[in-house]
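This report concerns only the one structure given below.
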Amino acid sequence: MVSLFDKLNAKKDGRDGSVSKELLSHSVAHTKNRLPKSGRRTSERSLAASVKDGSCSNSKSNKRNSSASVSGEEDKSCLISLNCLCCGVPLRFPASITKFRCSACQVTVIVKEPEINSNLESSTHISCTLEGLQMVVRRCHDDLQRLKKTGILDKERKGLIFQPVITYLLDRFHDVSILNRSFLVHDGGKNIKMLNYEVLQRFYSILSNLPTRKPYYSMLCCCNDLLKRITINKGENLQILQYRWLLIILNIPTIRTCLIRDRKSKNVFETQQIRAVSYELAKRCIGYLSNLSTKTSQQLIQSLRRTPTDNFSYQVEILNLYINFQFSRLLSNELSNRTAKNNVKPEDEMRSRLRRHHTTGHEFLSTRPISAQSNDKQGSGFTHPVNNKMKFKFFQYEEDWHIHSAAKLTFIYYVANTRRNGRGALSIQSFYNITLDFIDYKQDFDHWRGVAQKTKMNQLIEEWGNSTTKKCFSFCKYPFILSLGIKISIMEYEIRRIMEHEAEQAFLISLDKGKSVDVYFKIKVRRDVISHDSLRCIKEHQGDLLKSLRIEFVNEPGIDAGGLRKEWFFLLTKSLFNPMNGLFIYIKESSRSWFAIDPPNFDKSKGKNSQLELYYLFGVVMGLAIFNSTILDLQFPKALYKKLCSEPLSFEDYSELFPETSRNLIKMLNYTEDNFEDVFSLTFETTYRNNNWILNDSKSSKEYVTVELCENGRNVPITQSNKHEFVMKWVEFYLEKSIEPQYNKFVSGFKRVFAECNSIKLFNSEELERLVCGDEEQTKFDFKSLRSVTKYVGGFSDDSRAVCWFWEIIESWDYPLQKKLLQFVTASDRIPATGISTIPFKISLLGSHDSDDLPLAHTCFNEICLWNYSSKKKLELKLLWAINESEGYGFR
């Protein structure tokens, strides 16, 4: 048998002057990084009918299993309607067609009869393995070393030496079934086949470190042919039923790098051809995965929720980079037209805009440092238009199937992430895409809200003709991609419109009835009975809740431009959480508050309570705080916000609220000995401390109350078989059943405020908590960021002596003092959810001379007023007096 090494030596000796050129058996149809034209001539292998929006063209194939030609007299009743498996575009074609091509994404679909006797044992055992590749590569390296010793090594011979690697890859990557059997590992005995991502990464790493690019490029081209010509069985409802092969292709390393334009990269595997083919793989993998059937999508979700965190995060990042890439193309085209006259390169203009964006205090809009920030460093070609005129309009992406498919697939990953309990779930920030901060969110939101409120007539018009129609797209349908900053902007936009509408209606009513109708929702309260006065005003003005809020404190000067409103929220929540009210209990072990199980004077049989209306008041207050962009000082667990967002609760939520009890429950669950009942001796009951007994020390009530968790629970012992059910009912009792009347009253007040506000649906529980409570800092505030956005009034500047002293003093203070200062200036010791750099902070000069007076604060405008004090020590002393001895509007 003649080896490859002998053949190469034979060429040197002149015995065999021919060198095989069959290095690639598969070719890529499109190697330029652009969309293929719909009218482009197909290759001989993909002659098919081009189908789009119900139009078909007759074609013939030169293959043995040729597609049936379509007669122009085909009965229209035999037409099949479906969405493209890759791009989702609606298609209609005759049932007799066995091969068709979508002219939008250029994918050819071959429909074949299912194989009845498919017992091809020789092929069912073939799979792509790391060991197989290592063996082939090792032999090729041995041949390479021997060839180096002969001194006849050149580029062409080096490529021929690694021809066995190319053959191995083409044999494995040409078939979907082979790829689906490759790189598998079983997950914990649950009979779920998972991809072994560690092995897969090592597999690609070997290919990336070969001395030639040809094997890697051959694999890419083979994958591209596989994705461009998909074969499905007739009995599968024309759907893709397998997904693992798509994940294998999606994890090819150059798919990520092709979405980042790094012009300084010296990697030999980042050539233009490799980047172009890698992009083709990216867009079709994302397209196929986003259009899987419901059943297959559920299987994909089950697989993703068990995927290692690093690999899961990597795939989410690819989706965000892909969206960035699509918007960069939109922006590049626009900037090319704008900069042509000025002879400025679009890439330079975009990078300039990106640098300006990252120096204007808007870093909070995205917390994804990898995909968002690395793009700038590596020259991704995308920048963010800081000019309001430079917004992505809705029509630019409304019909873009690339963006649609990426958003749909990101939704699948988001759902999988919510189910990754104990498996390293990503935070919501990992799904944020900073690019979307620069869409025209008003158009997008109006379109989304318009679709949600579409009339029956419009629906009938769309369905006329009984044709397959595409669903309307809007990024508001995928809110997890939108950053918290743009969601807040959307909410402020809707709230502003609602308030303007309410004010307009009040004005029209006043004209119609000839009497004065207030355009504001005014609340007049006394500090000592703030809860009673607030509840009375809210009850008397139920129809005014959506108007702009104005607060007035009795016998106190002050016009509410925002500061009085903050003060009212702060004092009212403090009053509602007063332990003597008995509305909420404070749990020391978790430092969290929760609804009291037995509020004072609560009659369970009638569901009435003299103080139950205060829960309604608290719900209204929380809603008004969001509605009026005010932060509340609350210490609720995540369970409350999950309940508000209709998200399922878990044992982890109970653990956050009652950590000590949850540890004991876990110990019970982990106990597996046979003497379980003798050791624990428990029944389906729970005992809690009576809140009324704590408040009133009443002899008529018991200190502890025992409740059955199920029917006849006192006689149902806890065993090894039902201990999980016991824990489930225990958690359900404390988080739901025991507080149901109180919570229902609270949520009715909350929903009363947001009855007409759709934007609240954009927030999940994590974001809602930040929206209500702000961004909680653990140790110190970032006053350097605040200083960078501070404005100076009255003669002060950033380098003024008193100003420099001020910043030095507050940065040296401990956290409690910093909170007091923030409370003094802004009427809240919390910073906004979007970060401290978004506070419109001001420092103004009261007088150019020294003074013994204390500093002043205008909480309506987040402004502190300083005298030009003579020394740093004096300034610090005056600040301490001001923040510790002030309350209300006037010193006491």
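Each Cβ is built from the backbone N, Cα and C atoms, and glycine gets one as well.
A coil conformation is recorded for C860 (active site, glycyl thioester intermediate) in the three-state DSSP classification, outside any helix or strand. The feature active site, glycyl thioester intermediate is assigned by Swiss-Prot to C860.
Swiss-Prot lists 31-40 with the feature compositional bias 'Basic residues'.
What Swiss-Prot records for 55-70 is compositional bias 'Low complexity'.
What Swiss-Prot lists as domain 'HECT' is 792-892.
Annotation comment: Swiss-Prot describes 31-70 as region 'Disordered'.
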Using a 10 Å radius around its CB, how many other CB atoms surround C860 (active site, glycyl thioester intermediate)? 17
Tally the residues of the domain 'HECT' (792-892) by DSSP class, grouping H, G and I as helix, E and B as strand, and everything else as coil. 40 helix, 17 strand, 44 coil
Confidence over the domain 'HECT' (792-892), expressed as mean pLDDT on the 0 to 100 scale, is 85
